[in-house]
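Contents: one structure, followed by commentary.
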């Protein structure tokens, strides 16, 4: 396999905005070129020659003009009209500086099922193109009327036998139909004129709708793009890797981060293909700490709750209003930097890396924004990057790394507390536009592996949760988002976040918390009545769970006990979780009950 | 057919919020009863007996408890667990005051394909229920593992032969599979225990996903519910009509208007079934006027543009800061009531009804909120209702109705102007949560007929447009909404609205507008180059369109010429449209070009 980096191209249709917005975003994210989607050009007030200049100024090539539809296999009078149409588009391409046009297999009711006619007419088109120094890439749409497999498009291209006519392969059109990409190897590389890449979730639906609304960037869906592209590269294909993703969310999202997300997806893909992108992600061995940004009011409430949970304040930062709380391997930093009354949210999370410097280098190679760090002269040099939701992600050395030295009094032996041993997971609600981006970010930047998506009905709308975790479960993040962006009616806590502490004895801990008067979230009797009906846990266990508001879940691998605190500020709460056996989830079936309970808490406090 | 009105019930799963929110919304919308969805109860802190009391206080009965899953066709030890589970749920139902439980056909991997076993075990369950004065309604899920048609569920119920066991029919489960509802007539009415209703758009996708995310209220989708329910009622079924609609948008929308939308859907359905709901919607014969709420700044700009369009100010309202502008049959009221600088939006639209009083009575019967009207002693008594987006809808007498008498100087002969003959359509952007509600509102309240939905990619996201029109095309509204709710990145004009005036000679009018220096929206050359490539209209026509920024569309019925003004305030512009032949659309293919042009206008004005 070649080690030269491939050219990276993005179709303007992937991004939101006017053509000018899209070009600027693509260039800023580091793409080498673009496919110009015709409708983007048509709506632009800039002449094609001006777009060409704009692209040149931005360092972008125009690699493809697309799509040209419903050309082939038509009666003579329609052929004349189609050739006229093509010449007009060649005029546009000439000014645009594009020499390759995408022709999609026909869906026209006027076309006939005749490969020989298709080849003959495409050859005519290729002759016209060649006369102007252009080429034609013929693509089989998955829903093409007669031609809907790449094998079929290749048969026609081979039959037409013109140097200016080749095949365009689109991973969606091939893989959505369950096509066998191995046959790609039978196509000579020089006849593969273009390669379009899209991933997608596995959906059982009309392929046209699936394609137009639900495509994803590579690594965000479930297609095996690595094998697919491996076959393409084995032919000697040396053209660009080009993203063509139709997605309803990306289409209305800020194009700048969307283009970075796209670029990151390509980098990850290149790495999987064996290109030298970055050092492999160093192994992560645990959560080093979570830092909460709080104001004085929520800070006091959270400190009190941490104390009730058995945490001990073990240090003060040398130069900032930050206090360290510890228990077992769990560390929470309270940073009293917020000035919004009641505000409390996760400002940063830190993971322990086997090689923090390599982690930082990899993050940079994966287009994670490296954050500037203001340090005092004595302070630890921790590299950090910004996740799509703005959370700062630090890479620390394993164990009680050097960052602890920033805290005076640090190193004091943690108290036994409530049996909390560490941070089990951190739950982060993702902004609607950035859910898939967030998964890809953690996967590509930190090497955490995405788990399956769980979708469920919560009291105020459909929600999805997806874990990203290291293979041993030492680092877990639970990413949560809504299926439909919330509107005005959203009385639930907006975008709640929580830290889940691992605890060996959740029932006992919950009992202690109750005795200490800690703000444990009250779970209603109806929940326990249902638990009893469903699972028959026995009267004694049930009574204990009920008395202490402990939630329960089980699957084929094990059991899960968890207890939540009330909201301790604008959007933060804590959870104690106990995994028994091989349970690897996050208690998702109980999430709606927890959300309704937090709403009640807010209503009772008069702020719901 | 019975003329007694059926009882109206709604499943709590249709609405967003906690159980308490849902009950309040259902009662406020006038429902008689509810199906309690189990998860709503489980998350509630109110004991079942308290919910019972709450319902009684609200005038709601509890008609069904649901769902009870995966009961039948299981090995003996699982049967014991399932019966135990059922008894616990019967305990809940007893406190809740519910005597009917929904049992869904099994999807359990532990079940076996054995109708006799299913019947035997369901009979056992029915005996247990009967012992407590309860009954069991067995429903075939469309994706049931063995039982997935209503015919099959009925065979099992018949075989079980117990008076406390009957069938629950759900229109979605029957019609999604293309089942034949005529066989329903073979089921004795007293064995039909419950009837659940849902509509849905015709989607080619996995039926479980379709059901869980895309159901709609009756009249919002494409199912033939009239025939379906007709068959049910012919059996003598006298139970309630109950809505069970799982929809991602409704699940996160304000439950109060959603419940009204649900009720309206039921009323329309009852009318179609022949129940005496309301007088038929009187015939609408045209747009009487559109009222724009403007401030001084936008008012001046709009008045100037109306003058350039050839409108004449023909009257002043006797008691309000409202001026009437007329040309041909087109009337625009400028109401200078806004105090927000630059603000301009449609405050009201008025349609000419063959019988305005009947129109108002029908609107009231269809749960349209009748608006209070402050009138001077001499003023016309116009009934008006609020559409879901807040627009005030008036019903006027046909022709120059009595409302014109409110305007001093009214009746002056309109000037010839630019050949504008009337209002062709009014285009209203619908709030995301209310798109389907709006269509149903206009259909049920005014009798306008919904046209097919057009979906298209606009510069800042996917958009859909749906017309509602009277059969002659005299009254048309174009409703537009986004497929995904817009987020922070939304540089387009927010929720644009426009009035489209019918004009006999759009090209000539556009030329005059240009000569008059009117703020015509500039359409880019790229658009005309594409038009030329696609349609070959001839050089002369193309040159005229291009020179005057006239947009062009055609379909199999005719042609459409239209020209737009710039935005004349926060979200208003005008359009002149000319329909040639039987063209019945709204120029949707040109909408993205227009949107990009309006964005450019805003950017050029430094407010984009």
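Using N, Cα and C of the backbone, Cβ positions are placed for all residues, glycine too.
Because TrEMBL annotations are produced automatically, they should be read as predictions rather than curated entries.
Summary of the site annotation: TrEMBL records divalent metal cation binding at A:139, A:170, A:196. Screening the candidates A:94, A:116, A:120, A:244 against this entry identifies A:244 as the one listed for that site. Most Cβ neighbours within 10 Å, among the binding-site residues A:139, A:244: A:244 holds that distinction in the structure as shown. Other residues of the same chain near the Mg(2+) site, with their Cβ within 8 Å of the Cβ centroid of A:425, A:498, A:575, are A:424, A:426, A:427, A:478, A:499, A:500, A:501, A:562, A:573, A:574, A:577, A:586. Sequence-distant contacts of residue A:498 (Mg(2+) binding site), defined by Cβ-Cβ distance under 8 angstroms and a gap of at least six in the same chain, are A:426, A:427, A:564, A:572, A:573, A:574, A:575. Summed and averaged per residue, pLDDT over the domain 'VOC' (A:422-566) gives 96. Over all protein chains present, the Cβ of residue A:170 (divalent metal cation binding site) has 24 other Cβ atoms lying within 10 Å.
With DSSP classes pooled into helix, strand and coil, the tally for the domain 'VOC' (A:422-566) is 46 helix, 54 strand, 45 coil. Reduced to three states, the DSSP call for residue A:170 (divalent metal cation binding site) is strand. In this structure the C-alpha atoms belonging to residue A:425 (Mg(2+) binding site) and residue A:244 (divalent metal cation binding site) are separated by 35 Å. Taking the mean position of the Cβ atoms of A:139, A:170, A:196, A:244 as the divalent metal cation site, the remaining same-chain residues with a Cβ inside 8 Å of that point are A:102, A:168, A:169, A:171, A:172, A:173, A:194, A:195, A:197, A:198, A:242. Secondary structure at residue A:575 (Mg(2+) binding site), as computed by DSSP, is strand. DSSP gives residue A:244 (divalent metal cation binding site) a coil state; it is part of no helix or strand. Long-range Cβ neighbours of residue A:196 (divalent metal cation binding site) (same chain, at least 6 residues apart, Cβ-Cβ under 8 Å): A:11, A:35, A:139, A:168, A:169, A:170, A:171, A:172, A:242, A:243, A:244.
Following the DSSP three-state reduction, the secondary structure of residue A:139 (divalent metal cation binding site) is strand.
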